[in-house]
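Annotated disulfide bond per Swiss-Prot: C11-C71, C27-C117, C29-C45, C44-C98, C51-C91, C60-C84, C78-C89, in sequence order, evidence recorded as similarity to another entry. According to Swiss-Prot, the feature Ca(2+) binding site maps to Y28, G30, G32, D49, an assignment based on similarity to another entry. What Swiss-Prot lists as active site is H48, D92.
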Amino acid sequence: NLIQFSNMIKCAIPGSRPLFQYADYGCYCGPGGHGTPVDELDRCCKIHDDCYGEAGKKGCFPKLTLYSWKCTEKVPTCNAKSRCKDFVCACDAEAAKCFAKAPYIKENYNINTKTRC
């Protein structure tokens with residue numbers, strides 16, 4: 001679920017504040033999303049949005065699904081025991097790893113999505 005996703009990001013990026021830093025970043029980080037991603041981090045969010053979309057098509061509820069995972073040396077790893085839990089956990093884990101590799105560009109936080117996306 002979204003709280004677990006936030007904790008996965010904290011695992012991959014210790015000291016981060018996901019609910020503040022990523023809730024309104026670029027065109028895809030946060031609720032909704034459209035247009036062309038503004039940078040690598042925003043592309044991570046688009047991939048995550050698309051993954052949640054695929055989970056929904058499989059009959060899963062990604063924003064609500066609780067799963068089991070662990071953090072080892074800044075790497076989130078899934079221990080899910082069902083198809084939906086495994087799929088959603090993988091969406092979140094891959095996104096957290098993607099976030100960790102992408103630069104955070106302050107100018108892309110809270111952008112005008114009407115003109116930039």
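Including glycine, each Cβ sits where the backbone N, Cα and C put it.
Listed in sequence order, the residues C27, C29, P31, G33, H34, C45, K46 complete the 8 Å Cβ shell around the Ca(2+) site centroid, once Y28, G30, G32, D49 themselves are left out. Counted within 10 Å of its Cβ, the other Cβ atoms near D92 (active site) come to 26, all protein chains included. The most densely surrounded of the disulfide-bonded residues C27, C51, C78, C89, C98, judged by C-beta neighbours within 10 angstroms, is C89. Sequence-distant neighbours of C91 (disulfide bond) (same chain, six or more apart, CB under 8 Å from its CB) are H48, C51, Y52, A55, P62, listed in sequence order. Neighbour density around each Cβ, counted as other Cβ atoms within 10 Å, peaks among the disulfide-bonded residues C44, C45, C71 at C44. All protein chains shown were included, and the count of other CB atoms within 10 Å of the CB of C117 (disulfide bond) stands at 16. Ranking the recorded positions G32, D49, D92 by Cα distance from C11 (disulfide bond) puts D92 first. C71 (disulfide bond) and C78 (disulfide bond) have their C-alpha atoms 9 Å apart, to the nearest angstrom.
For the pair G32 (Ca(2+) binding site) and C45 (disulfide bond), the Cα-Cα distance reads 10 Å.
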